[in-house]
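In what follows, a single structure is set out as structure tokens and then discussed.
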């Protein structure tokens, strides 16, 4: 999990002086993609400002260097590879939660009064919170392929001291660094998808696949961790990651091509050589080349903060998504607590049962095909912008998924948490929650992209702040909450919160067009095609 406060090159309105002396906002042609580990922004990719006045050769359908023109088989190969890498990298965040008992014994740490064993996960979240803010703009300038390889190698290097850690402080500090690497690597996947797929059904499903890889990776971490510590020791969690990530390094090297248009054009002359020259010329005169560190920080920090404070949709979606992500991390603590006490299960067994959440998320991924169909069909009934899908149509599936999946699953889990009830029953409830988490997260993310368009990066960055706050700190209260309230009422409390948040998509279905009209950001944003 990581927070990304926005990119330095995102869509924005730039003021252009007119003869009348007033300023008129004009849409910048360049764009970027900015996300958190579990959140993402997909914006229309282009060759950027450098090609705005000379796009003919680059946009030629026969130009094989343009990622939009790649064969579908190549696009899907890259999409699946990037999503798979996101999945396995996310596992790094939660895999060690199954080894809490062994880690506590090794470093003489106690969870009796406070869940100290959660500090390595918290530090991983904090590292991933800040790194994408700096890492993603750099990757856009230097290219995805080379940057990905370097950061992937850095991730492997800093896992080594975790496997050999002789004290708890070493583990926590190095986890900050690996969290930073994981945050950047997971986030850039959305940029890869955005740079190779035009708007349409394929891009919608690729978006869903990416979101699933984020959530499923977090949920599967305890599963793989429990298998590892059951047969070895907690250090093998990190040794296994070192071996697996190292084995994947050549796979990424040979199968991941460069996808950033500016970088592709800079390295290869096209037929007329005009584009390369044009890139070099405009690079010295573009607005981006004159940006200072202060300008970049202003774009990546100020606008997301403003939108979080002034945009009701951003704030409400932030709370909704943060709750879903917070639940995902709380489950790494509460499931072990519930199943170990009710059924006297070991850490191995309580880790395995968390795969039920992933089953629910997988069902949600398959259901996203139906959601996409409903979304594109809404274009026939769009009076506001004829021929284009209605942004609120992105929320159709999230309404039943939030009420019956997220909220219903939490209440289901709460009141089946009795030793007299077979373990499979509350496990089914976990699948309901996983389904609701995926559908809710996917819906709010894609809605923000559609409704905020060129401001989507900043909107998602504001949402991501709340997500990471919940992911880092909410699980710290899990142990005391379940002890004080009891298993039934602790989960019921979460269910009541889910009930309140489930009304958010209903409100937008009813008043969405009015809200968009009154929002200074959405009213100027336009729509993604």
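These residue numbers are counts, starting from 1, taken along the chain as shown.
Note: Cβ is positioned from N, Cα and C throughout, glycine not excepted.
Fair warning: this is a prediction, and the values are worked out from it, not measured in the lab.
Annotation comment: TrEMBL describes 1-22 as region 'Disordered'.
Under the heading compositional bias 'Polar residues', TrEMBL lists 1-10.
Annotation source TrEMBL lists transmembrane segment at 78-97 (among others).
Positions annotated as domain 'Major facilitator superfamily (MFS) profile' by TrEMBL: 78-517.
Marked as transmembrane segment by TrEMBL: 117-136 (among others).
Sequence-remote contacts of a segment are chain residues at least 6 beyond its ends whose Cβ falls under 8 Å from one of its Cβ atoms, and for the transmembrane segment (148-166) they are 89, 92, 135, 139, 174-175, 177-178, 181-182, 184-185, 188, 235-236, 238-239, 241-242, 245-246, 248-249, 252-253, 256. Sequence annotations record features per position, and here TrEMBL assigns transmembrane segment to 148-166 (among others).
Residues annotated as transmembrane segment in TrEMBL: 172-197 (among others).
Annotation source TrEMBL lists transmembrane segment at 209-228 (among others).
For 234-256 (among others), the entry in TrEMBL reads transmembrane segment. Residues 77-78, 81-82, 85, 88, 91-92, 95-96, 99, 102-103, 106, 144-145, 148-149, 152-153, 155-156, 159-160, 162-164, 225, 228 of the same chain, all 6+ positions outside the transmembrane segment (234-256), place their C-beta atoms under 8 angstroms from a C-beta of that stretch.
When Cβ-Cβ distances below 8 Å are used as the criterion, the transmembrane segment (312-331) is approached by residues 1, 38-39, 94, 121, 215, 218-219, 354, 357, 406, 410, 430, 433, 436-437, 440-441, 444-445, 447-448, 451, 459, 462-463, 465-471, 474-475, 478, 494, 497-498, 501, 504, 508, 515, 519, 522 of the same chain, each at least six residues removed from its ends. The transmembrane segment annotation in TrEMBL covers 312-331 (among others).
Feature annotation from TrEMBL assigns transmembrane segment to 351-370 (among others).
Residues or ranges marked as transmembrane segment in TrEMBL: 395-415 (among others).
Summarising the annotation, TrEMBL assigns transmembrane segment to 421-448 (among others).
Under the heading transmembrane segment, TrEMBL lists 455-477 (among others).
Sequence annotations record features per position, and here TrEMBL assigns transmembrane segment to 489-508 (among others).
Nonlocal intrachain contacts for the transmembrane segment (351-370), taken as residues 6+ away from its ends with a CB within less than 8 angstroms of a stretch CB, comprise 97-98, 204-205, 208-209, 212, 215-216, 219-220, 222-223, 225-227, 328, 331-332, 335-336, 339, 345, 397, 401, 405, 409, 423, 427-428, 430-439, 442. Confidence annotation: the domain 'Major facilitator superfamily (MFS) profile' (78-517) carries a mean pLDDT of 88 in the model.
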